[in-house]
Amino acid sequence: MSVLIRGVRPYGEGERVDVLVDDGQIAQIGPDLAIPDTADVIDATGHVLLPGFVDLHTHLREPGREYAEDIETGSAAAALGGYTAVFAMANTNPVADSPVVTDHVWHRGQQVGLVDVHPVGAVTVGLAGAELTEMGMMNAGAAQVRMFSDDGVCVHDPLIMRRALEYATGLGVLIAQHAEEPRLTVGAVAHEGPMAARLGLAGWPRAAEESIVARDALLARDAGARVHICHASAAGTVEILKWAKDQGISITAEVTPHHLLLDDARLASYDGVNRVNPPLREASDAVALRQALADGIIDCVATDHAPHAEHEKCVEFAAARPGMLGLQTALSVVVQTMVAPGLLSWRDIARVMSENPACIARLPDQGRPLEVGEPANLTVVDPDATWTVTGADLASRSANTPFESMSLPATVTATLLRGKVTARDGKIRA
């Protein structure tokens, strides 16, 4: 079946046009296109058309913690949020450190069929930081794993990290680092600063992140490797990234929506929903992260979507499991923090939420131009809509959103994966 998207503005630019999708590709773009007899018509008058979003950092919890999320519910949240591809992190149970697990995740994602679920392979066996996994076997498997990370913990041994970068370079795959020097964060649950001191919470210094980013930039330089920094959170990290890029080092970085919008003032409530790793930092850090995303020092937005069940969050702050939902709220938070103040345009949104992450992960069919003949991985956005976040109404199996009851701008009105409508008007299209 073909799909006709009526009255849309590609990249939010120019006059309204119709876009005809047929056989998984963009077939025609132009004003007042004829409606094919079998076409599914989407009235998107005045809406913005973007390439489907790509999330380099999600936690879908399958296998092992399906009570908090699974690939089906996570895929639904992703499609409703405008995503056509997501990367599922390796800290599952069992850990995704072998083709048995990574291929399962890939096949399950294909079975659900709402987004392309790309498994992230572990860098070290069991995330223990001691022995490299068989990255080559995972890359050669059905999932063709192209990114590896011990996210949740840092590959803190510099020799292991150096060997991982060298191994990855030979395979043409990417190492994504959770930048946290663990000896600086023992017992830490909040950003090290006045707020943590006032609340009596153990502090997590910026240097724990900055020191690993600096170290890994140098290791990547010497190995001739690519390295990707997960969830940058500190202003000092921005300065290190800028220095490394100026040196020609192949380093990329992501920022989460929650680090763009929120800061550690929220911790005053002691609500476990606000506990996340790395922690919410000071308002000045959020300002620096927004500017870095606008300037291209930070390359992309990634959600770090991390579902947790109620019993894991509704406890005292230090005992709460770290992490927040992000897939369905990501676009709206980026619009509020970046588009509304004029830091990014809609074309820039395509760059940081689709094109750059697809390029970083080397996905050939995602983040493509909105042109005839290109794959129809598409997101339609109503830029003028507003909505109120209610965790219980989100598609995720968990409800741990830090944006509960917030009014946010912009809604995803349709998502298409290879020409198939996966989500429309807030509902999944199976």
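The backbone N, Cα and C atoms fix where each Cβ goes, glycine too.
Per Swiss-Prot, the features are as follows:
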ACT_SITE  D304  active site
BINDING   H57, H59, D151, D304  Zn(2+) 1 binding site
BINDING   H59, L60, R61, N91, N277, H308, P322, G323  substrate binding site
BINDING   D151, H178, H231  Zn(2+) 2 binding site
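Checking each of the recorded positions H178, H231, D304 against P322 (substrate binding site) by C-alpha distance, the shortest gap belongs to D304.
Counting only residues at least six positions away in the same chain, the Cβ atoms of A68, E69, D70, G74, T92, P307 sit under 8 Å from the Cβ of R61 (substrate binding site).
Excluding H57, H59, D151, D304 themselves, the residues of that chain whose CB lies within 8 A of the CB mean position for the Zn(2+) 1 site are, in sequence, T58, M89, G152, C230, H231, A302, T303, H305, A306. When the Cα positions of H59, L60, R61, N91, N277, H308, P322, G323 are compared pair by pair, the longest gap among these substrate-binding residues is 17 Å.
Residue pair L60 (substrate binding site) / D304 (active site) shows a Cα separation of 10 Å. In this structure, R61 (substrate binding site) belongs to neither helix nor strand by DSSP; it is coil.
Close to G323 (substrate binding site), meaning Cα to Cα within 10 A, are the following recorded positions out of D151, H178, H231, D304: D304.
Note: N91 (substrate binding site) has non-local neighbours H59, A122, L127, D150, D151, G152, V153, i.e. same-chain residues 6+ apart with C-beta under 8 A of its own C-beta. Looking at H308 (substrate binding site) and H231 (Zn(2+) 2 binding site), their Cα atoms lie 18 Å from each other. Neighbour counts of Cβ atoms within 10 Å were taken for the recorded positions D151, D304; the minimum is at D151. With respect to their backbone Cα atoms, N277 (substrate binding site) and H178 (Zn(2+) 2 binding site) stand 9 Å from each other. Separating the Cα atoms of H178 (Zn(2+) 2 binding site) and D304 (active site) is a whole-number distance of 11 Å. In sequence order, H57, H178, E254, V255, T256, H259, P278, A302, D304 constitute the residues six or more apart from H231 (Zn(2+) 2 binding site) in its chain with CB-CB distances below 8 Å.
Taking the centre of the Cβ atoms of D151, H178, H231 as the Zn(2+) 2 site, the nearby residues of that chain (Cβ within 8 Å, site residues left out) are H57, M89, S149, G152, A176, Q177, A179, E180, C230, N277, P278, D304.
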